[in-house]
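Over in TrEMBL, the protein carries these features:
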- E351: active site, proton acceptor (ACT_SITE)
- T69, G108: FAD binding site (BINDING)
- 21-63: domain 'Acyl-coenzyme A oxidase N-terminal' (DOMAIN)
- 205-365: domain 'Acyl-CoA oxidase C-alpha1' (DOMAIN)
- 401-581: domain 'Acyl-CoA oxidase C-terminal' (DOMAIN)
Amino acid sequence: MDRMEELGFRSETDRQIFREAAAPVELSPFGLHSGMFVPTLERQGTPEQSRKWVPLGKSFKMIGTYAQTELGHGTFIRGLETTATFDPETQEFILDSPTLSSIKYWPGNVAKTVNHCLVMAQLYTQGKCHGTHLFLVQVRNMEDHTIMPGLEIGDIGPKLGFDGVDNGFMRFNKYRIPRMNMLMRYAKVLENGDYIKPKNAKLTYGAMVMIRVFIVMDAFKTLSRAAVIAVRYSAVRRQSELRPGGEEAQVMDYQTQQYKLFPLLATSYAFLLAAEGMSQIYAKISSDIERGNLEDMPQLHALACGLKAFCTWVACEGIEVCRMSCGGHGYSHASGIPKIYANIVGACTYEGENTVMMLQTARYLSKCYIRGQRGESLPELIQYLTTDLNVKSTLGEDCSFESLVAAYSHRAARMVAVACKLQQTNKKKGMAGHDAWNKSTVPFIAATKAHCHLFIVRNFVTILSQKKIDPATHNVLSQLCTLYAVYGIVENMGEFMQDGYFNQDQVSILNRKVLALLEDIRPNAVALVDAFDYPDHLLQSCLGRYDGQVYEALYEYSKSSPLNNTDIHSSYYNYIRPMMQKRSESKNISAKL
Ligand SMILES: CC(C)(COP(=O)(O)OP(=O)(O)OC[C@H]1O[C@@H](n2cnc3c(N)ncnc32)[C@H](O)[C@@H]1OP(=O)(O)O)[C@@H](O)C(=O)NCCC(=O)NCCSC(=O)/C=C/CC(=O)O
Ligand SMILES: Cc1cc2nc3c(=O)[nH]c(=O)nc-3n(C[C@H](O)[C@H](O)[C@H](O)COP(=O)(O)OP(=O)(O)OC[C@H]3O[C@@H](n4cnc5c(N)ncnc54)[C@H](O)[C@@H]3O)c2cc1C
């Protein structure tokens with residue numbers, strides 16, 4: 001913190017980069033404080049509350065986290081059971097965990113680190129429940145860090161990853177906080193207990209929308225780091241004879257290795273641009289919301305949910321491909337890839353379980369489809385839904401950006417239409433609305449993935465056609481953009497071909513194009529990963545070192561293994577030698593027998 005002040009880091013982006021460099025492998029125990037707790041105080045508190053609390057948070061006098069999930073509920077926020085009951089006599093809220101399943105469970109850094117939490121609880125006043133709201137709760141003594149009376153707090157135990165984060169549990173026993181500790185920017189409880197409702201109940205969910213936007217950038221960061229490691233290692237690693245009798249080949253010269261890695265390299269660039277595009281959309285719509293214009297709130301929610309789910313799913317699958325493309329050394333922590341995977345794969349679950357998030361986007365697409373069918377105007381990002389589905393592809397040998405975007409638009413429009421028609425058929429069969437929806441959610445998930453895929457391809461193409469980029473760089477980025485789009489079609493050909501959108505010649509063109517692009521990208525592959533400019537300190541990888549001294553690094557890494565501190569391990573004296581002695585005695589006995 002002090003070091004950031006010394007360095008004059010003011011922007012949150014710079015501070016985030018510094019924090020990542022300071023804790024390159026383990027996630028910072030202050031990540032939720034800076035990334036969720038402080039921004040939520042800023043966005044959900046009244047101006048007075050923000051003025052009072054935000055400086056304390058930014059100066060780390062107050063260290064907090066976001067405590068919403070309970071043992072019994074994480075996804076279904078409306079089902080949360082923690083209660084906050086207003087007591088007009090004392091002007092306090094009484095927080096309580098009425099059931100075992102209501103115990104807060106998972107909140108990061110709640111176990112040992114933070115002294116405050118933003119707690120999501122069902123608000124009761126004048127005997128009526130008004131749904132979930134956020135409350136600022138002090139959980140530890142500011143003098144000696146002991147747990148406040150009326151609270152039970154602890155760590156939830158080992159996890160797949162997130163080792164730097166003390167995820168904890170927290171139980172309230174009639175725990176009192178001042179009335180003014182309810183975040184009251186959008187909803188209020190007056191001194192007499194009257195409840196003033198917000199313009200939209202989902203404004204309370206704003207913190208999660210913000211983090212989902214950040215997670216799209218996390219998907220880029222983690223996938224690109226794994227790609228850097230795998231591509232650099234593939235340039236160093238020589239294995240097997242590509243030409244009989246010749247020298248062992250760089251594994252990057254095998255077409256299969258290129259087909260594994262280069263589309264992931266292209267995806268990394270696509271996700272970086274998508275994350276920047278998503279952030280710009282978030283900045284614009286969230287500022288509209290803060291000024292009271294909620295018109296585009298549904299569109300923001302739908303886009304953030306969909307991209308968060310799509311990008312984390314693809315990134316996690318891609319990181320695993322990078323690990324496996326490094327052979328045995330990829331499985332070692334020396335590669336740096338297992339830790340990258342373990343720390344990002346949780347993002348498919350937290351901040352909104354991916355399937356549930358995709359269904360939120362699907363719900364929005366379903367409503368837009370109906371509006372489109374009625375001839376109503378649609379937001380620009382959704383206008384493809386009115387695409388004429390009778391049109392066939394004009395794709396030629398050049399696989400132009402225009403023909404590729406048209407293909408993705410057609411695929412998404414067709415799949416949304418199929419899912420919506422199934423939902424409508426279910427209703428016509430007499431199903432209740434919720435059953436008609438549930439019985440069409442599998443096609444809706446597929447359609448929503450196609451919707452997100454279109455956003456990323458179109459965004460990549462738009463940036464290449466709008467931004468001023470030098471011709472050489474533009475040429476290489478265009479190769480990556482074309483590879484990302486063509487690879488996506490080849491790998492999902494059924495969805496593009498189901499209605500005969502492509503003819504057989506066009507399918508052959510696409511299959512040839514994806515292989516030709518691998519050869520085009522091969523000469524620039526290392527330069528394209530070097531361009532991410534991740535320092536070795538951040539990658540923490542013997543395989544992905546900039547200097548390529550992989551075997552020297554692996555040997556030094558292995559020698560540093562704690563098991564090498566002694567030549568003979570205590571297990572020999574405690575177990576192996578007694579076992580061997582027992583065997584030899586029993587052998588003598590059997591020999592005598
Ligand atoms: C799944 C959710 C969104 C369901 O919420 P619910 O209240 O049940 O709403 P409905 O599904 O009934 O939808 C009603 C209506 O509201 C719209 N809507 C929902 N959410 C939002 C939103 N955030 N912004 C705007 N609009 C929203 C929805 O589209 C519907 O609109 P209609 O026009 O169709 O009526 C909700 O339960 C949810 O978000 N669940 C996920 C919980 C979650 O994300 N938890 C995260 C906890 S913090 C964490 O995980 C931290 C991790 C560590 C780290 O980040 O490092
Ligand atoms: C590493 C990590 C860190 C976390 N940090 C925090 C934190 O700091 N603060 C916090 O409050 N929480 C935190 N969480 C909790 C996290 O937010 C929840 O786990 C997440 O929201 C998923 O909810 P759940 O666990 O109830 O999953 P569930 O919803 O129970 O998921 C189980 C299955 O049910 C399915 N499902 C659920 N609802 C539906 C539906 N409507 N339609 C279709 N399928 C459905 C899901 O798709 C999934 O397959 C963290 C979790 C992890 C893993």
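Each Cβ is built from the backbone N, Cα and C atoms, and glycine gets one as well.
No curator has checked TrEMBL annotations; they are predicted automatically.
Mapped onto this structure are the features recorded in TrEMBL.
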| residue | record | contacts (Cβ under 8 Å, 6+ apart) |
| --- | --- | --- |
| T69 | FAD binding site | K104, Y105, W106, P107 |
| G108 | FAD binding site | G31, L32, T65, Y66, F162, V165, D166, N167 |
| E351 | active site, proton acceptor | M208, I211, R212, I215, K308 |
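For the domain 'Acyl-coenzyme A oxidase N-terminal' (21-63), the number of residues in each DSSP class (helix H, G, I; strand E, B; coil) is 28 helix, 0 strand, 15 coil.
If one looks beyond the domain 'Acyl-coenzyme A oxidase N-terminal' (21-63) by at least 6 residues along the same chain, the residues whose Cβ comes under 8 Å of a Cβ in the stretch are 1, 3, 12, 15, 107-109, 113-116, 118, 134, 136, 162-166, 180, 183-186, 203-204, 206-207, 210-211, 214, 286, 290, 336, 339, 343, 535, 537-540. For the recorded site, T69 (FAD binding site), the DSSP three-state label reads coil. Predicted-model confidence for the domain 'Acyl-coenzyme A oxidase N-terminal' (21-63) is 92, expressed as mean pLDDT.
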